[in-house]
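Worksheet: one structure, shown below.
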Amino acid sequence: NPVPAETHGISTTCIYHTFKTFEHVIQGSPWAFKMLDATSKFPVGALKGNLLSIGNYDECLEVDVKEKWGSFTGRHCMAMIGIPSRVLPTSQYTQGMEVIPVIPIMQSICMPSSCTAADLQYITSWFGNVTIVDPLLCHTKESPPYEPKEWMAIGILSFIGIVCLLATIYDLLVTDKGKRNEWAVAFSWYSNWKGLFSTEAGPDTILVLNGLRFWSIFFVVSGHVSLLGKVQPAINYIDYMEKIRQWDSLFIVNAPFAVDTFFIISGLVLCYVFIKTMDVFRRFHLGVFYMHRLVRVFPVLAIIVMINSTILRRFGGGPMWDFTVTVSENKYCAEYWWSTLLFVQNYVNTQFN
């Protein structure tokens, strides 16, 4: 019989469905074995830094139980369980560093959807000194309903897409440049695609900047790919940290400095445009200059801020996706969007940048 929730701090339905799951594991029910199989076991390579085990996310969400005694689906959750740090080895790269008493290990658990993050928080507290189960780390196959701000973002993006589609059709049908409206062609996917991939260099093009852009992008992409190794499951994380400190990995470690190259390129181009303007018009209009920069930068920046603060979480999925996107992108972008659009994010709320 179900145990009263008031006695154990867990919902009655959760306890009942959990006991039924263990009962069906003994009976050999396929759905119960799926839930057991999707749950993390003791991670391989824990002493090598493998502290994150996501189990089998998709297998857990596929569970759909319909029995006479009840029905539920699979809920995949990630629980952080603290273990004493003395059980992990030290290396030459950790000597002299402050040792924290508890090391967090992230483990996945596939449980009935009738159990909540609070229920799992209570259960996992039996096995570790520190346990944390964030609701953003628990998922079922049902997606959360769309919020009004998400529908607004979808509407704006759809409108822009329709405008670009109509402009592309107009661009392909009206080929006589003397008769067509160049403002309409400016939104054409076809013309912009041709211009983006064109290798023709104009008389005012500084060709050497293309090489600088290429290598800067290469280093930035390499740095970001390497950065993913710190947050994704790795069976030998300690080996990765040792490798990244060797001389042949310096181009990855120093990748952030490649961003400085973009600042140099921007400054060079601005100075070049300024000198050309002074040479032709003999006068530099500061207001026109800033308005030109605003028209070029603000619309794209506003779209990115809108996407990050609304529908970015809909672009992916997985055990860590909602937590990572919501905490690092969606939350702060939704709260402090105004500082970005006013170009004061380097001076306001800098602790979140």
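Glycine is no exception: its Cβ is also placed from the backbone N, Cα and C atoms.
Summarising the annotation, TrEMBL assigns domain 'Nose resistant-to-fluoxetine protein N-terminal' to 11-140. The transmembrane segment annotation in TrEMBL covers 151-170, 212-229, 250-275, 295-312.
Beyond the transmembrane segment (250-275), the same-chain residues lying 6 or more positions past its ends with a Cβ under 8 Å from any Cβ of the stretch are 206, 209, 212-213, 215-216, 219-220, 222-224, 226, 244, 284. If you average pLDDT over the domain 'Nose resistant-to-fluoxetine protein N-terminal' (11-140) in this model, you get 82. Broken down with DSSP, the domain 'Nose resistant-to-fluoxetine protein N-terminal' (11-140) shows 47 helix, 36 strand, 47 coil. Beyond its flanks by at least six residues, the transmembrane segment (212-229) meets 240, 244, 251-252, 254-256, 258-259, 261-262, 264-265 of its own chain at Cβ-Cβ distances under 8 Å.
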